[in-house]
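Report on the following structure.
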Amino acid sequence: MKKQNLRSLAAQAIEQVVEQGQSLSNVLPSFQQKVSDKDKALLQELCFGVLRTLPQLEWLIGKLMSRPMTGKQRVLHYLIMVGLYQLLHTRIPPHAALAETVEGAVAVKRPQLKGLINGVLRQFQRQQDELLAEFSGSEKRFLHPDWLLKRLQKAYPQQWETIVGANNLRPPMWLRVNRNHHSRDEWMALLEEAGMSGFTHPDYNDAVRLANPASVLALPGFEQGWVTVQDASAQGCMTFLEPQNGERILDLCAAPGGKTTHILEAAPQASVMAVDIDEQRLSRVYDNLKRLGMKAEVKQGDGRTPAQWCGDEQFDRILLDAPCSATGVIRRHPDIKWLRRDRDINELAQLQSEILDAVWPHLKSGGTLVYATCSVLPEENSLQIAAFLKRTPNARLQTTGTPQQPGKQNLPGAEEGDGFFYAKLIKE
Ligand SMILES: C[S@@+](CC[C@H](N)C(=O)[O-])C[C@H]1O[C@@H](n2cnc3c(N)ncnc32)[C@H](O)[C@@H]1O
């Protein structure tokens, strides 16, 4: 494999996210293919890190350069960000960070700008202390877009700074132990034998947080389905869904299948239909079922038109893991901060309410519907469910909040799960 300049690849990937509105998880794989296995982790860290700290890097460039790079040279703007990020937030020796970043200009066919990049990064090194002191008083220091900051401040007058702080951290790696193979404690003993360690979660019985994130291939029995990567809060859905053997269960908005497989781990004899609108994402449901040796009926379909994919069938339980702003998982997907727009929130809330109304008739009388999102915004969560309860006389809220303040809202925490919302609804 020809050695590629990793910094220039990171700059190109970040440019595609910020300037073209593409998600990093769509963009990154093609760049990952161009580097050795050893370098994949660094490429990922540079992309995630720059997107996490974008307002800081943008602010610094504004101080260090009189005119920003535009047009065909725009990629160099992001290359400078990659350079600044390494100097500020990684342990890469500064001389190596500088040399590799400057070489990145050659890789993007702008060798004449090597001197400029070198100059900007060296100027930063000289003025680092004063610049960082000034930035710590700037309104950009929270590293979030203004619209989202405003919404968080309004919804959480006391907690917004903690939420923002958690969003700016690197995420912990949570696993779900498949209890059909081992109990959590048995698997943790295997983990120790493999030279790693983990922590349990007080509320979620199958969850283990690794002390240090690791490659899945290093985890005991990953290929055999003994364990699955899934955030602790996502695992919380099963606490409320409580699937039982013999039941007919609908997992709506199911791709990539993290919760489909959790349902089948909790109730291996349940008959599960997994539905999602996105054909491509559905292919990952098949992969996950295969690794875990499970079967489910997988269908492509729109949650707003269930008659098209399930006729007039009714289910014992429905999990609706609704499409949402994903504002609870920003630490895992920092590109969300730059891809979402304020107006998306109302559009998403509208879509969620349409899916809720459409699927409710497909729940049996006495059945359970769990509505979940990985959002922290009330419009998609408590306000959404309060409005649903108001217009749906045969829906009753159970164990998750009160009709005035419905649902259970998890907020992201350094050693906790992601931001997540659950409401358990019973059909009378
Ligand atoms: C939060 S993700 C689901 C995660 C999944 N439940 C898991 O645990 O792996 C939301 C999903 O909703 C799907 N989606 C979006 N709009 C939809 C619609 N109108 N009908 C059905 N699925 C939809 C998306 O394709 C996406 O896969």
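Glycine is no exception: its Cβ is also placed from the backbone N, Cα and C atoms.
Marked as active site, nucleophile by TrEMBL: C374. Classification of C374 (active site, nucleophile) by DSSP places it in coil, neither helical nor stranded. There are 26 other Cβ atoms within 10 Å of the Cβ belonging to C374 (active site, nucleophile).
For C253, A254, A255, P256, G257, G258, K259, D276, D302, D321, the entry in TrEMBL reads S-adenosyl-L-methionine binding site. Cβ environment of D302 (S-adenosyl-L-methionine binding site): I277, Q308 lie under 8 Å away, each six or more residues apart in the same chain. The secondary structure of D302 (S-adenosyl-L-methionine binding site), as reduced to three states from DSSP, is coil rather than helix or strand.
Per TrEMBL, compositional bias 'Low complexity' is recorded for 398-407.
The domain 'SAM-dependent MTase RsmB/NOP-type' annotation in TrEMBL covers 163-428.
The DSSP breakdown of the region 'Disordered' (397-416), given as helix, strand and coil counts, is 0 helix, 7 strand, 13 coil. What TrEMBL lists as region 'Disordered' is 397-416.
Sequence-distant contacts of K259 (S-adenosyl-L-methionine binding site), defined as residues of its own chain at least six apart whose C-beta falls under 8 angstroms from its C-beta, comprise A234, C237, M238, D251, L319, D321. All protein chains included, C253 (S-adenosyl-L-methionine binding site) registers 23 other Cβ atoms within 10 Å of its own Cβ. In three-state terms derived from DSSP, K259 (S-adenosyl-L-methionine binding site) belongs to a helical segment. Across the fold, the C-alpha of C374 (active site, nucleophile) and the C-alpha of C253 (S-adenosyl-L-methionine binding site) stand 13 Å from each other. The 10 Å shell around the Cβ of G257 (S-adenosyl-L-methionine binding site) contains 28 further Cβ atoms across the protein chains shown. Across the residues of the domain 'SAM-dependent MTase RsmB/NOP-type' (163-428), the predicted structure has a mean pLDDT of 97.
With a 10 A radius on its CB, A255 (S-adenosyl-L-methionine binding site) counts 24 other CB atoms from all the protein chains.
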